[in-house]
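Take a look at the structure below.
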Amino acid sequence: MKRWWFNSMLFKKEFEHRCRLSKSTSSLGPIENAIESKDPNINDTDKNIQSWGGHDNYSNVDLFFGVKDIRNFISDDTFLVKDSNGDIYSIYFDIENHIFEIDNDHSFCSELESSFYRNSSYLNNGSKSKNPQHDPYMNDTQYTWNNHINSCIDSYLQSQICIDSYIVSGSDNSSNNYISSSICCESGNSSKNADARTSDQIIRESSTDLDVTQKYRHLWVQCENCYGLNYKKFFKSKMNLCEQCGYHLKMSSSDRIELSIDPGTWEPMDEDMVSLDPIEFHSEEEPYKNRIDSYQRKTGLTEAVQTGIGQLDGINVAIAVMDFQFMGGSMGSVVGEKITRLIEYATKEFLPLIIVCASGGARMQEGSLSLMQMAKISSALYDYQSNKKLFYVPILTSPTTGGVTASFGMLGDIIIAEPNAYIAFAGKRVIEQTLNKTVPDGSQAAEYLFQKGLFDLIVPRNPLKSVLSELFQLHTFFPLNQN
């Protein structure tokens with residue numbers, strides 16, 4: 001015997017409301033009692049099922065009830081239905097006690113079915129069909145009944161779930177409420193009956209879901225880790241952290257500056273410096289200069305890094321923030337020049353230095369000129385650290401790879417990484433294709449590399465500003481307005 005469960009789970013933080021709808025063989029009642037009877041437990045089932053056929057309203061069974069009055073109809077009663085596969089089920093509802101019972105005992109249902117056919121044939125001009133499966137009146141009426149009652153039940157259950165969700169939450173804020181409804185069948189012979197939808201229906205539903213997703217994608221940000229949706233309006237205030245799993249998603253350079261630097265203290269440097277096409281890089285898809293212009297319009301930036309001076313908890317700092325949204329944060333001649341000028345300014349003014357790394361490496365469109373930036377920046381850092389004895393902190397975010405990792409990304413006095421950051425010199429795909437070896441999953445994640453001693457701290461975004469402030473004060477950099 002099959003057993004069907006309908007689980008409706010509503011979560012709101014620590015609150016859990018579960019409506020378990022299970023099967024019982026003792027709660028069968030006649031369908032005519034859907035209007036008259038209050039007692040769902042009636043023993044003389046055969047007799048009562050036959051009396052159903054005696055009602056004149058059977059011919060209008062498709063108008064028996066609608067979605068509006070289904071609550072009264074199914075409040076505490078049982079009725080017989082037949083699905084499109086020919087399986088007979090007795091269904092029992094008790095909304096007040098959250099009970100939804102389905103029974104498909106084959107021996108019992110066969111007896112009910114034969115009784116049903118006999119009485120339906122009697123109604124059809126008083127004749128009895130020898131083969132009820134070919135009774136056109138019976139098939140048409142039962143098909144209409146099945147479709148109508150299934151749609152009414154579905155509509156009612158969905159409306160009840162929505163109403164319960166609203167009452168429990170006290171608001172329509174869906175960010176704290178998650179409704180999960182599932183129907184599963186515990187049966188050894190459910191593979192054929194599990195999905196009766198046609199391929200055309202599935203394609204239409206998938207197309208509809210895709211259209212809805214595309215229509216509202218500007219309202220949500222999907223997590224790369226758990227694939228949960230985060231409301232974009234509050235995403236920035238939560239520091240681009242996933243509400244479901246806490247995963248650190250990518251941040252723009254402007255958002256990072258706003259997060260780290262005190263309001264009203266940011267002074268950008270070299271904003272008018274833009275890339276040209278020094279080696280006249282040829283591309284069949286799009287010229288390099290046009291691609292630069294496209295990213296400038298898309299991001300509102302002139303290059304893949306923002307540099308400037310600001311205050312962090314009242315402490316003057318020089319900071320460079322790379323932006324992965326601009327050509328993958330790749331390091332070209334302008335990126336290298338802006339960072340070098342910032343380091344030279346910090347050396348001259350004796351300022352602590354922060355560089356937030358988010359890059360795919362050197363920019364191939366500029367050839368060897370982009371590789372030269374590694375040596376140029378490293379040389380400026382040597383003077384800053386070794387000769388002037390100043391304090392430099394790189395912050396490695398996801399991803400930090402290639403020439404950035406091989407140069408200033410790993411030259412800090414104290415190296416900080418974000419949780420779950422992807423940090424590598426060569427990417428996983430490049431290593432596997434070059435060496436023909438499999439790179440283990442997680443071997444280039446911040447947590448694994450931290451255990452190998454590659455950097456000093458893993459700091460989440462929430463306490464990052466206070467951690468930097470303490471490090472600067474430990475190295476004798478104090479706020480200007482300290483009382």
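The backbone N, Cα and C atoms fix where each Cβ goes, and this holds for glycine too.
It is 223-245, from the ranges 62-84, 85-107, 223-245, that Swiss-Prot records as zinc finger.
Applying an 8 A CB threshold to same-chain residues 6+ apart, the list for Cys223 (Zn(2+) binding site) reads Leu229, Asn230, Cys242, Gln244, Cys245, Tyr247, Leu249. Highest local Cβ density among the binding-site residues Cys226, Cys242, Cys245 belongs to Cys242, counted as other Cβ atoms within 10 Å over all protein chains shown. Mean model confidence of the domain 'CoA carboxyltransferase N-terminal' (219-483) amounts to 93 (pLDDT, 0 to 100 scale).
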